[in-house]
Amino acid sequence: MASTSGALVDDNVLEVLRKAQLDAFISQFVFLFNVRRFDHFSHVRDKDMLEIGMQQVQIRQLREQILKMSREMWNRSDPKQVYIQADQSMPAQNSIDEKALIPNEQIKLYELIGEGSFAVVKRGTWTQSNGTHVNVAVKILRDISPNIMDDLRVEASHLLKLQHPSLIRLYGIVRQPAMMVFELCEGGSLLDRLRDDKKAILLVSRLHDYCMQIAKALQFLESKHCVHRDVAARNILLARDERTVKICDFGLMRALKENEQMYTMAPQKKVPFAWCPPEALRHRKFSHASDVWSYGVTIWEVFTFGEEPWVGCRAIDVLKNIDAGERLEKPKYCSERIYQIMKNCWKFNPAERCKFGAIREDLVAAMFLDAVARETYNSIQPGALQLTKGDEVVVVENTGQDWFGQNKKNQKFGTFPRSVVFAQTNNAVAAATAVTPQKVPTAPTIRIPPSHPPPAPLKPLNNNTKTSLNDRTSKISMPVAGSFIHTGHGDPLGGQSWGNPATIADMYLKNPVNGAPLSSMSSGAEIIASKELLTNGGRSTHQPAAPSPAVMSKIRGLSLDLPEYDDFDRAFDDGFSPSKIELPREFCGNDSVISGGSNSIGLANTYVMEPPKQAFDIRGNRVLPPTNKAPVLIPTNPAPSVISSTASAGITLSTNSSQMFTSQDRHSNMPANLFPELQHRLNQGSSTGNGVRPRPASSIGIQNNDLSMLNPQVNRPFSVVNVPIVQQPANIPCLVPTPAPPAPAHFSQPVSSQRVAQQQQNTLQKALNDELKGNLNKRPTGTTAPPSNGFNAPRADVAPVQQRPISSASIPALQPQPIQHIQKPIQPQQVRIPPSTAPVQKPVQVSAPTHSNVAPTTSSQASADARNPLPPKTSPPVSNTPITVAPVHAAPTTSAPSTSVVTRRPTSTTAQMSDEERRSRIAMDISSALPAPSALLYGSNSTSSLPSAAVSTASSVPSTARDNPVETRPSQPHVTMPPKKSSEPILSSEVLQPTRLPSATTSQAKPVTQPIRHPSPPVATVIPTAVVDKKPVSQNQGSNVPLFNITNSSNGYPQLNGYPNYGNGFQAYGYGMNYHQGYPGYQGYNSYGNGMGQLALTHNAVTSLPPLVPSENRFSGTAQPLGESDIMEFLGTQQRQAGSSSRAVPPASASTSAASGITDLSMADKMEVLYREADFTHKGNCDTMVSQCNGNTEQALKLLKQQHLVDMELAMSTETARQALEARQYDLPAAANMLLG
């Protein structure tokens, strides 16, 4: 059959060539360079154009026209194809050699071995002219149209030139019938082999090799400017030995798809949408980047052993998932690095996808390790891999303690400990799969003068010759950084060799260098934390012996032995703390500071000192008693046990450090293991008695709570020596938190003598006494003071020189200190008080404390008040008159409760406060506003969930406070704490009773107290049972909706992104939450079913929304449900309003039909139906389309669906969209699926 000599070319290709004045070269570009589309210009090189006779000026003009056309492509319609007749004078470049034409009688066909989308494949035999029989695979094309035959001839000419080991070989073609003769791969399809259950499972290492061969073949096609277009596991063939794979169908898909009609409207089974990138599904563009995407899906098939990608999804579903950022999940039997290669192939932007050359490099780096089991591993854990000694394992994942791999003997997968295998790190890819180890600090160079003998040899690591081979090999690890020492050199030519293995110094042979191996812990063997772990089964039993004086007299250098804990994880498990690190101390005459284990003084200038005696601490480190007591810094914030007053609370610094060591020598023989316990007790103190807060001791120059003086021989690593004492002023200008320790009633020693006694007291004895006193204070005696909640107001009315018993109820937790060096007064800070929902009295502001000479109460009186508190009284009715209050600082009689009481009384003047009074006022505001910790954490004694407000009387106000009243503003609340019983347990067993919330459906009105959100007088609101329409009606207001329904409508403003949902809130246009039955009004967002929402609604939509009007329950704190009458009134008003607004100017037909019968839908109802049906677009588009259709909503819906398919680029024109919709009865998803194939 004679074939036509011509081709179909896009018109924009001819336009570019004509604008560049290259009409004479059109035949060469079309038939020689195969430029049929505009994007084919990118494959034409300048070298090729020079070979056909083009000049540099012509090439430059062509490039300019191509660039100009590329900028205009977005505004152009689809190109039209023009038939170009081939030039008969031009040599047939694409003509097939006569040797490639096979006569039909030489082919003998047998059984069917495969069936593809465009052809069937049968096994056959080709009898050559010399009589040789060759087994071949014959592909018989289904379509034999003239255009197909022309494309077949062109593609066959290219396939005959593509010779690669991983590409199927084309022997020739048969003209009649149209057949292509390929080499036969007896292994069959790779997809069938992966799914075959009767054969053994392929090793993952073999699968990795398949991926390497496929990538290499596709890289070869990329270099030849060939696009495969159908890379999949079904198009990969196996050889008989199953070691070689070959790609088939390359070039054929491109030849068939050059004709656009062959791609569109094809059956679903013929379109590999699961392997196609999004640009190929939308724009029918295939390139090398599309082959990269398909290659990623292919290796996903390989490592899932033949699973179907995107199973159960349609073409439109796959496109939606890809646009949403979803990708295929990680296969179970591939490593993380291979899955990363897949994700690199699945980049949404084609320009960001990697090339096949980079893919091959990544695959080499992700090659699997081979390991050998050094012992038998049998585990009953699910998913564990059973191993026998000597089994070979392919390691898939080698991160962590448990590895994942495949046993080569039984092809099973599972996890196993990395310690039971030995990884063959001699593989070239071992370093690539290992994690980069952390940098290990190198030890300083040791220079030993030759005049001195070498150090004493250490004991070898392990001299046990009876250890088995398995035990010895399990201790072998990769080389450690810095462990190779050049002790000899060999020269094959002679003359340059030096050194002998027999004369290597014992210092190098018997002193191991520990550290992280070069291959890191993830791929190497187990790291030995210390040398003792080699012989003690993983647990160190290091007990250093006392060195001899002869060894101590030698020159001291840095030891090669690392500390006992050089593995942080093991040290952390053993309870090791960084504060226990013992840094080495120099044996120099001066106490130099050692930082990081390095010494700034050279070894040549080091002076050796003979120690008087040897001493060792609990860890076995060598310590020496100091020759001279080094001066240290005294803590700048000592905790005095007795505080006299606020006037004399300045902290003084001691300038004589020798007083701290007056009584330490007598306790130097105390066991060192008691230090942590004493440290803990001193830091914590008595939890119920003194309440001393631990101070941070991490700063340099501050002792760790004065514990370092208990044992002067213990080397404290973080103490600084030879540092002069810092001179500080006598008074610290700051607010210092001071402790409030309890004192017994009989303890009345003066303050000055008590401080001296405390400073001279033994630290251990002080700790035991404090604990004893704390235990005594826990007993409910007659002199027990109520525990302080830490928030009481400071006692500013006590004279500084007055001596009285100290109790926790009278000592403030935050005591202001006198400031002498600050000239500018401190401004009072504004304290935000949390809102309260309890019915309390009108909020007031507590005035500043004033000085008064009130006789203090004794501890027995205070305890009696605490045991017998007055019950709180009900708050009187609140009036709108301004109320002032004066605070109460002390109770002169036992009738007043121990808690703070607020009294309302008129005042007329405002007192001028000093700086100290202002600070005291701030402290008292904080203490009075915050409730007791026990009431917050454990619950109060009351059965109500709200704190009761105590009512104060005029008799509880001191006379001094009455004489000097202070005006306050009633804008900030003063919450009084409920009284506490002294014998109340720590954890209260009483159950808190919930507070009943007010409801609008009750038969009678109930007063509801509003929470205080702004500094305004509280208002008691009465909620009526019936809704009374007394709210002002605006111009566009048809009905009022409570704020509860509007605020629960969506996540944004209801006017912009919501529409009514029949009284149940507002449905969201934008991103909203999923619909739930318990939360009506919420509807999930569908990225393809719904639009993104409109920012400006139409007039009809705006008028249908209820306005935002403040309701009565704005500050109620609880949502009031609507009654049945409210809902009916709201719905009726809204429908009337929507109907009146939408029926303003109806069409004549619509108005007639509406008036004729009640059953006909009104225009508003039709619009609502249209809005629901056309939820894929905006309401504004619906209104515009209805206007264009003269009110015909059905026609508007059809046009909207057609326009939506065009906007989604699923249809090339509205006519195509209309045909697809009519074929699917205007079912939009079905029509979109049909357009996608």
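Keep in mind that glycine also has a Cβ here, set from the backbone N, Cα and C atoms.
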- Query: Among 467-489, 1042-1064, 1111-1133, 1134-1156, where does Swiss-Prot put the label region 'Disordered'?
  - Reply: 1134-1156
- Reported in the order helix, strand, coil, what are the DSSP residue counts of the domain 'SH3' (366-426)? 3 helix, 28 strand, 30 coil
- Query: How many other Cβ atoms are found within 10 Å of the Cβ atom of Val121 (ATP binding site), counting all protein chains shown?
  - Reply: 19
- Task: For Ile113 (ATP binding site), list the number of other Cβ atoms lying within 10 Å of its Cβ atom.
- Result: 17
- Item | recorded positions (Glu115, Asp230), the one with most neighbouring Cβ atoms at 10 Å | Asp230
- Cβ neighbour count (within 10 Å, all chains shown) around Ala119 (ATP binding site): 20
- Task: Using DSSP with the three-state reduction, classify Glu115 (ATP binding site) as helix, strand or coil.
- Result: strand
- Task: Provide, as an integer number of angstrom, the distance between the C-alpha atoms of Ala119 (ATP binding site) and Asp230 (active site, proton acceptor).
- Result: 14
- Using DSSP reduced to three states, classify Val121 (ATP binding site) as helix, strand or coil. strand
- Taking just the CA atoms, what is the gap between Val121 (ATP binding site) and Asp230 (active site, proton acceptor) in Å? 17
